[in-house]
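Record features, source Swiss-Prot:
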type: DISULFID; residues: Cys5-Cys19; note: disulfide bond
type: DISULFID; residues: Cys9-Cys21; note: disulfide bond
type: DISULFID; residues: Cys14-Cys26; note: disulfide bond
Amino acid sequence: GLPVCGETCFGGRCNTPGCTCSYPICTRN
């Protein structure tokens, strides 16, 4: 949901475990 994973997902996916792409950033549920 809210916390940002410190990662962008312009490629469409996030490398950080537990993070999902909320374009253009990765967020943690």
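One is the number of the first residue shown, and numbering goes on along the chain from there.
Keep in mind that glycine also has a Cβ here, set from the backbone N, Cα and C atoms.
Annotated pair Cys9 (disulfide bond) and Cys26 (disulfide bond), C-alpha to C-alpha distance, rounded: 6 Å. Around Cys21 (disulfide bond), the C-beta neighbours below 8 angstroms that are at least 6 residues distant in the chain are Cys9, Gly12, Arg13, Cys14. The separation of Cys5 (disulfide bond) from Cys26 (disulfide bond), Cα to Cα, is 5 Å.
Sequence-distant neighbours of Cys5 (disulfide bond) (same chain, 6+ apart, CB under 8 A from its CB) are Cys14, Thr16, Cys19, Ile25, Cys26, Thr27, Arg28.
The DSSP secondary structure for Cys9 (disulfide bond) is coil.
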